[in-house]
Amino acid sequence: MASMAGNTADSANHLPFFFGNITREEAEDYLVQGGMSDGLYLLRQSRNYLGGFALSVAHGRKAHHYTIDAVGKGTPPAVSPSQFCFPRCHRSSPLCPVATSPAGTGIPLCSLLVQGQALEQAIISQKPQLEKLIATTAHEKMPWFHGKISRVESEQIVMIGSKTNGKFLIRDRNDNGSYALCLLHEGKVLHYRIDKDKTGKLSIPDGKKFDTLWQLVEHYSYKPDGLLRVLTVPCQKIGGQTGNINFGARAPLPGAHPATWSAGAIISRIKSYSFPKPGHRKASSSTGNRPESSVTFNPYEPDRGPWATDRDAQREAMPMDTEVYESPYADPEEIRPKEVYLDRKLLTLEDSELGSGNFGTVKKGYYQMKKVVKTVAVKILKNEANDPALKDELLAEANVMQQLDNPYIVRMIGICEAESWMLVMEMAELGPLNKYLQQNRHVKDKNIIELVHQVSMGMKYLEECNFVHRDLAARNVLLVTQHYAKISDFGLSKALRADESYYKTHGKWPVKWYAPECINYYKFSSKSDVWSFGVLMWEAFSYGQKPYRGMKGSEVSAMLEKGERMGCPAGCPREMYELMKLCWTYEVEKRPGFENVELRLRNYYYDVVN
């Protein structure tokens, strides 16, 4: 196998149109340097999927990119690179313009591809073994992979030597195939979990999926895409031998196209990859003059008093480090019950109340699961919820709510039917967002942006599940830590048939959070939740003030019909107020969905914290 791999590597040096593992942007740079003439092309390796390719072709002074995917594990692409570009397939197809010659050569494409077919077949014949080798062992050869070390050890290693922003390492997290990315940002070490899904793909939470760790590292060395900053300097193993990887140099231009395959075969090729320089962040603007500390801001570290310890900071460093980031049933040994009902004997309640709302009171409790005792919040519904007519409705909604699983929603563990209906939920110790901000006006803009972005991620998830909240407000966003928010009470208004007459009877008609179509026609949708989210943002940036203060519901409705909206909270960033107004678009069809809202918030948040 070694000799065959070596011969394969040597043969690859004679394929001038194959540029290896370069980015889409680099491919476009090569085409520009080559003159960008119609039909100029290059072939590159997919940066996301093992065995995949991408063809980049110039036409009309623009670059067009076509993916050539593998159809299954150990299976060659459905259309091989040679067949895809061969004249009888390519020139008669509208897929892309006629490809003439590789960048920097005058050799016809078809003849080069015919010469490369033998090489291609040699690669395909051992593709399953090569893929397995790369996927399972390649990262172990990398300087940034430190194996099984503890969280504390990883922080100590990262802090040795230079304190360059973006310095990083990856470590084994547990025996379930997950890893942790440790990233240095403004003198603090941040920890991102890297999960492996059922198909074996790797990703940070809510991030892009990759077949291998080295593909993930390469991607995040080019753009943050969910991290606080790009990866720059791999943290070397202490006393260990590592390969040489240059994270600063760009790949050479077409005139000096590199022969990246060497006699060392696949692993040597991987170890020789060079990563492009990270881009610069965009400048952000703000209309306000909120207090900013001269101390470097770490969005994942809570503001602490002088008596706090470093252990406190580590415990609350990131949402994923809390007990409620994952479902209580994420542990394979904690089997999710088939029924939504929970055994009342396994639930213990404290006497004191945590709070009360439209639908009942909340108490702290403890639920005995199979392996552990889980701290929970128990919502004890008011007596009218025990109306037999509501039972079927409540159970139907509870069954749906129990299936919802996202880090940014308060998960429902189940319900108990005892002295009252009791909903057993995850615990969020710091309570409602509006009350917390009223009492903690030192919280910075960046922290507030972080929290509302998390809410938008939770609402995007509910939108994707076709689940309408109907009562989204800052009072229904609960904080686990100062940097971790969860959406609560989703679906309860529907489950308890809380219609207009219900709210009017109880004097709690939440018209100030409702979209015009809810007020006028009692029509709810994810788009009406977007309107409510705009009001929630206003509450957050005004530090928990009540919206439309001093106005009656009828006055609010009249104000909205005239096209008037609430003003910008004092010191609120201009971009955030513009997003609020976008959420308050009167016409439902013109109002953005949460996919768009979350993307705008994410981009702005990254610009602010990078």
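In case you wondered, yes, glycine gets a Cβ from its N, Cα and C as well.
According to TrEMBL, the feature active site, proton acceptor maps to Asp471. DSSP assigns Asp471 (active site, proton acceptor) to coil, not to a helix or a strand.
The ATP binding site annotation in TrEMBL covers Leu354, Gly355, Ser356, Gly357, Asn358, Phe359, Gly360, Thr361, Val362, Lys379. Gly360 (ATP binding site) falls within a strand when secondary structure is assigned with DSSP.
The compositional bias 'Basic and acidic residues' annotation in TrEMBL covers 301-312.
Among the features that TrEMBL reports, domain 'Protein kinase' is placed at 348-606.
The region 'Disordered' annotation in TrEMBL covers 278-312.
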DSSP secondary structure for Leu354 (ATP binding site), reduced to helix/strand/coil, please.
strand
Of Leu354, Val362, the binding-site residues given in the record, which has the fewest other CB atoms within 10 A of its CB?
Leu354
Roughly how many Å separate the Cα of Val362 (ATP binding site) from that of Asp471 (active site, proton acceptor), to the nearest whole number?
17
